[in-house]
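The next block holds one structure in the form of structure tokens; read it before the comments.
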Amino acid sequence: MYKTLLAQVFFHSIAKKKLYFFWLPRLFSLLLVPGFLFDIEILFLFHPIILLHASLGLSVIIEDYIHIETIKFQYLSLIKLLLVLLINLNILYLL
């Protein structure tokens, strides 16, 4: 029915209503292209985006490879907690 693997992934994502999980990491990876962050002040301003990109990647890995629901929930909660903590520390550092 679908011609390419990308089309299968795209239509499967629409069916699950999680299309943002497909496009959001790709958007953040474009923002993190070398040479884009050429100044250290700009690096600190984009630090939350880098942390969000890392959090999305770790969440996908945990959802794919950990099959025990309680451990999966604990790890995902820990990642979100650490993400919020690190972003708040970064904001306090900028003040």
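Cβ coordinates are placed from backbone N, Cα and C, and glycine is handled just like the others.
According to Swiss-Prot, the protein has these features:
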TOPO_DOM  1-19  topological domain 'Mitochondrial matrix'
TRANSMEM  20-40  transmembrane segment
TRANSMEM  42-62  transmembrane segment
BINDING   H53  heme binding site
TOPO_DOM  63-74  topological domain 'Mitochondrial matrix'
BINDING   Y65  ubiquinone binding site
TRANSMEM  75-95  transmembrane segment
So if I exclude everything within five residues of the ends of the topological domain 'Mitochondrial matrix' (63-74), which remaining residues of that chain have a CB under 8 angstroms from its CBs? That is, six or more out.
none
How long is the line from the C-alpha of the residue listed as 'heme binding site' to the C-alpha of Y65 (ubiquinone binding site), rounded to the nearest angstrom?
19
Sparsest Cβ environment (other Cβ within 10 Å) among binding-site residues H53, Y65 belongs to Y65
Counts by DSSP class (helix H/G/I, strand E/B, coil) across the topological domain 'Mitochondrial matrix' (63-74):
9 helix, 0 strand, 3 coil
For the residue listed as 'heme binding site', name the DSSP secondary structure in the helix/strand/coil scheme.
helix
Can you work out the mean pLDDT of the predicted model over the topological domain 'Mitochondrial matrix' (1-19)?
61
